[in-house]
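J.: To start, I am sharing the structure in question, which I have written as structure tokens.
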There are 2 protein chains.
Amino acid sequence: MTPHAPRSQVASANEPGCDFPIANLPYGVFSTPGTARRCGVAIGDLILDLAACEAQGLIDAGGSFAAPQMNDFIARGRAEWDRVRARLTDLLGVDGPRDLPLVAMDGAVLHLPLRVSEFTDFYASRHHAFNVGLLFRGPDNALPPQWTHMPIGYNGRASSVVVSGTGVRRPMGQVAGAQGPEWTACRRLDLELELGAIVGADSTMGDRISVPQAEEMIFGYVLLNDWSARDIQAWEYQPLGPFQSKALATTISPWIVTQAALEPFRRAGAPRDTDLLPYLHEDRPGFYDLTLGWSLNGQEMARTNYTQMYWSSAQQLAHHTTSGCPMRVGDLLGTGTISGPAPDQTGALLEMTQGGRVPVHVNGAPRTFLEDGDQVALFGFAQGAGYRVGFGPCTGRVLPARP
Amino acid sequence: MTPHAPRSQVASANEPGCDFPIANLPYGVFSTPGTARRCGVAIGDLILDLAACEAQGLIDAGGSFAAPQMNDFIARGRAEWDRVRARLTDLLGVDGPRDLPLVAMDGAVLHLPLRVSEFTDFYASRHHAFNVGLLFRGPDNALPPQWTHMPIGYNGRASSVVVSGTGVRRPMGQVAGAQGPEWTACRRLDLELELGAIVGADSTMGDRISVPQAEEMIFGYVLLNDWSARDIQAWEYQPLGPFQSKALATTISPWIVTQAALEPFRRAGAPRDTDLLPYLHEDRPGFYDLTLGWSLNGQEMARTNYTQMYWSSAQQLAHHTTSGCPMRVGDLLGTGTISGPAPDQTGALLEMTQGGRVPVHVNGAPRTFLEDGDQVALFGFAQGAGYRVGFGPCTGRVLPARP
């Protein structure tokens, strides 16, 4: 049963459709004209200025909220996350003090909420993996043989992670042509609907993390759009995996929804048809009942659910350390594209259009891949009774290539 | 013609076999018992304490040499690199001051010389790519079709880059077994002989870097051993590339040999059999006449040359930005394994033993892959007339797995 909503002294936070009720309290980094970047919490249509709260003695996080990224606070650890969340719930509740340092969100600039240490992207939706494999490799090799046995992923590029609202330049690159490789602007630009899990604790080189330990290490989640150049990808990706096709930009939402806020919505994921090796066993359901979707130029294109996924972020994080690889605060783990079985549940145009063969219609016009000027917006929320825990938008507009 | 050596006031630097003559001046980070990490330059069997030099007014680098990594100095830019190199050449020359803060290298601990921003590993030796492709994919698909047209690579893991001398734990992992996947200690642990190029300037997201610009952005080089778990790699790597098989450790040498020190040894690389797209054109030879090799438990196993490579670090860096991916100071670009055509010129046991089928002999005993306790040492130097510009050792000992 989904829980009922506590109420906030901020009236807009109590609206049923609001992404940021007091049950959410997502963290981000913001600035207002003439002021420095600092940490805040979204509440309704306002931001609680956490740096100001610390300066006024309303809250104590060791000064970490004055930093221009969330890493310092995140590194303080789970006990601190819990203590500060409880304090914020009191402050913003109906009995909280009335003189809080609140800022209008629409007057603020939202920045990248964390310094991304390293970025890893997984491939954990069975529907997506099968659909894409079918297009790239044919029916016999669509689902790689190890896919049901391990959460496969690749290291992405942290330097190209940007915050929602940043323009996304159509990349140039090498693609396969009739007379050999061709240098061209990408002709098959795509989005990928994902969540990103944010690692909240370091691990030691040589140590492996269990799935329950990994759960404890995850601070929260963002929406994540892993923009992809499909023609560049097809030419470059064998045998070492995607490289420049995924390095143009990865957009994340400005607000980090904490694991604590999602906890009431915990659910099991997709059924498994193989036994897992013990290191991947979960002691509780690893997913959340999260509605996720995306729109193109304002038209909703697809809607699916995080429970469609086969591998949880905790399993991905545990697998990430099997070789002894050390993880760090601020590591960002993309879930992989989240797709359901039907075309209107797919998280990428590649799948939705069957590799560009079956156009879809956007505001009446046929479309296969992204065009210059297109505005992509991801959305996501967990629906409670009379309230929802949402991420806010994760948007990006396609800018023309620079030949 | 290779140049003659200038002489140093440090006698050991003038020995013909010394890796660190005054023509070299590689940068690193060191500490002595009870003192903090700081930057230094290797000269003969001594280290010039650059933080002390700055404190004493002998040199000015804006205080950057007191940092526990070289990034702050590197970020100061090429004009500063050149100015400081000239000043060091004066200080350490035969007419330099006699009271320099010099420290015995064998009494110092050498640390990771830089904070690695991100790590990318390429695949630029044709012999290596063909040999490995033959073993993993058979003769028809040995060399991927795009290989001669672009420097292919993958993003590695920066957090597992360690300095020479760090023990390397044999990883656990999933491998293919007769009855499905198996959880095991790696049975095919390997080394990879590489160079690593260190990026010395940031680039802007959305901007592409030309090959000549990329040359200007490279600060210097280290030896790099990209330890590889071949059995884990074989099971995991398709279609997204190597992941945990390459995340156990990447060892780099403690001394960064600058591009300036290598400049007299500039040479062309391997011949090309295809025309390159214009963005990959070089306006001058992109390699160095560098002898590179490795030993196992003290026995030299292979020796090759950097000019065997097909793609230069500058071409790799330029390609890395084709999609607009921003590069950052401290990015580390592995060249890929450097192999010549003959077995005793190969940079990995996988190639040398033809996938474990043909044992080699190490101190009289047959051997296919690395065993617990093995000590691997990479070496590399450019030979001048009566002197050499060397990297010093890059070593690691294999530690037993933790099941």
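For all residues, glycine too, the Cβ spot is worked out from N, Cα and C.
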J.: Please pick, from A:Asp106, A:Asp121, A:Asp289, the residue that TrEMBL records in the Ca(2+) site together with A:Glu192, A:Glu194, A:Asp226.
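T.: The one candidate that TrEMBL places in that Ca(2+) site: A:Asp121.
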J.: Out of A:Thr337, A:Thr346, A:Thr353, A:Thr368, which does TrEMBL tie to the same substrate site as A:Tyr123, A:Arg137, A:Gln233, A:Tyr237?
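T.: It is A:Thr337, as the record lists it for that site.
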J.: Considering only CB atoms and a limit under 8 Å, which binding-site residues from A:Glu192, A:Asp226, A:Gln233, A:Thr250, A:Thr337 lie near chain B?
T.: none
J.: Between the Cα atoms of A:Tyr123 (substrate binding site) and A:Glu194 (Ca(2+) binding site), what distance do you get, rounded to the nearest Å?
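T.: Checking the Cα atoms of A:Tyr123 (substrate binding site) and A:Glu194 (Ca(2+) binding site) gives a distance of 10 Å.
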J.: Can you tell me how many other Cβ atoms are located within 10 Å of the Cβ belonging to A:Tyr237 (substrate binding site)?
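T.: So the Cβ neighbour count for A:Tyr237 (substrate binding site) comes to 23.
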J.: To the nearest whole angstrom, what is the C-alpha distance linking A:Tyr237 (substrate binding site) and A:Thr250 (Mg(2+) binding site)?
T.: 18
J.: Of A:Thr250, A:Thr337, which of the binding-site residues has the most Cβ neighbours inside 10 Å?
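T.: When each Cβ's neighbours within 10 Å are tallied, A:Thr337 tops the list.
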J.: Among the binding-site residues A:Asp121, A:Glu192, A:Thr250, which ones place their C-alpha within 10 angstroms of the C-alpha of A:Thr337 (substrate binding site)?
T.: A:Asp121, A:Glu192
J.: When DSSP states are folded down to helix, strand and coil, where does A:Glu192 (Ca(2+) binding site) land?
T.: coil
